[in-house]
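K.L.:
In case it's useful when we look at the structure, here is the feature table from TrEMBL:
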type     : residues : note
DOMAIN   : 59-103   : domain 'DSL'
DISULFID : 61-70    : disulfide bond
DISULFID : 74-86    : disulfide bond
DISULFID : 94-103   : disulfide bond
DOMAIN   : 170-208  : domain 'EGF-like'
DISULFID : 198-207  : disulfide bond
DOMAIN   : 210-246  : domain 'EGF-like'
DISULFID : 236-245  : disulfide bond
DOMAIN   : 248-284  : domain 'EGF-like'
DISULFID : 274-283  : disulfide bond
DOMAIN   : 286-322  : domain 'EGF-like'
DISULFID : 312-321  : disulfide bond
DOMAIN   : 324-355  : domain 'EGF-like'
DISULFID : 328-338  : disulfide bond
DISULFID : 345-354  : disulfide bond
DOMAIN   : 357-394  : domain 'EGF-like'
DISULFID : 384-393  : disulfide bond
DOMAIN   : 396-432  : domain 'EGF-like'
DISULFID : 422-431  : disulfide bond
């Protein structure tokens, strides 16, 4: 662009001038030239009569204007109306993924078939109706097309040996499926149909049934063979299973044992190793532990499902009431208090648990002929007559518990001990002696 530049040098405090306050022109520079818009400075230098002046010039367009005359407008944007920047000449430069005069057309996924697809954003590949696949290069077959392909959308071109509108008719069923067994000849009478011509000794639709199949003794391990419509059927002996009775029956596979018991295979079937508290073949019967006398020092025993509960006597603890409790807490009677594992009794009471009132021995204290004895440390003590026991001799001793007689012999408790009711041929207190038997008129 052409321009003219005038530079004047004036002397503001000129002392040689006759006019007061008048500036004196020292030098004038006139420059006419051409200068294109740009960011680069253009240096100039002028030698006058009185001085030398150096200066730089450059010409810049207003924002968003470009060109030699600064008359080309270009405003960068990234929206619906365009996606571009501006170069130094004011031309539009599309951003990555966009193209077109106004940079409004998205660049689709590489390889996308543009004749069969489009895109609204860079990197997409949106298939037209009737096309599919990542690159929209696969046509969509006619709905329901089974064994067929297409070159254009909605076609159904059948594969080899297939026919019909939907290519679902097998024209060579014999070749596709080979249904005839044991050397049988296959014939295709019509689509999706076949016939087998069997070799001698075989029959059935697929020639899979052996005639007189039991002659080859296919059933094993003592099984019985019977011919039927499928060829033969085996009736397995106990302990065997499978089509030919080849497999041994594993009873434990059916988990017959209950209550978490361990199952063992045996020659007779199976055996269950029951956990404590259970019995029976499959461990489903609750064991009454109370019948075995598990509670040692207890008032009573209560049988529970899979267990038991002992009601311990005072001074005893533990699952079976077999642990001595040295503490007297809660055991002292008649107002006594527990100190250092001993009962401190109120005046007038004595005994280990303060259970006896002092001077209480009389004719009713000890029963069944027991002798009453007052002792300072424990209180009243009954010395029981033979055959009786208990604190007051109130319990008769059962001499038949446990049964001293031979197994199966009935025991009777007596005042002097016990008596066994012996079976015929035996005698004695324990039925151990065998009588000498004699027969005939001379037996004595």
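Along the chain as shown, residues are numbered 1 onward.
Using N, Cα and C of the backbone, Cβ positions are placed for all residues, glycine too.
No curator has checked TrEMBL annotations; they are predicted automatically.
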K.L.:
In this predicted model, what is the average pLDDT of the domain 'EGF-like' (248-284)?
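P.N.:
Overall, the domain 'EGF-like' (248-284) comes to a mean pLDDT of 86.
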K.L.:
Looking only at Cβ atoms, how many others are within 10 Å of the one on residue 328 (disulfide bond)?
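P.N.:
That number is 21.
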K.L.:
What Cα-Cα separation, expressed in whole Å, is found between residue 74 (disulfide bond) and residue 61 (disulfide bond)?
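P.N.:
Given the Cα positions, residue 74 (disulfide bond) is 12 Å from residue 61 (disulfide bond).
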K.L.:
Sort the disulfide-bonded residues 61, 70, 198, 393 by C-alpha distance from residue 345 (disulfide bond) and give me just the closest.
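P.N.:
Nearest candidate: 393.
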K.L.:
Can you break down the domain 'EGF-like' (324-355) into helix, strand and coil residue counts using DSSP?
P.N.:
0 helix, 9 strand, 23 coil
K.L.:
Enter the number of other CB atoms within 10 angstroms of the CB of residue 207 (disulfide bond).
P.N.:
21
K.L.:
So for residue 86 (disulfide bond), how many other CB atoms are inside 10 Å of its CB?
P.N.:
17
K.L.:
What Cα-Cα separation, expressed in whole Å, is found between residue 245 (disulfide bond) and residue 354 (disulfide bond)?
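P.N.:
That separation, Cα to Cα, works out to 79 Å.
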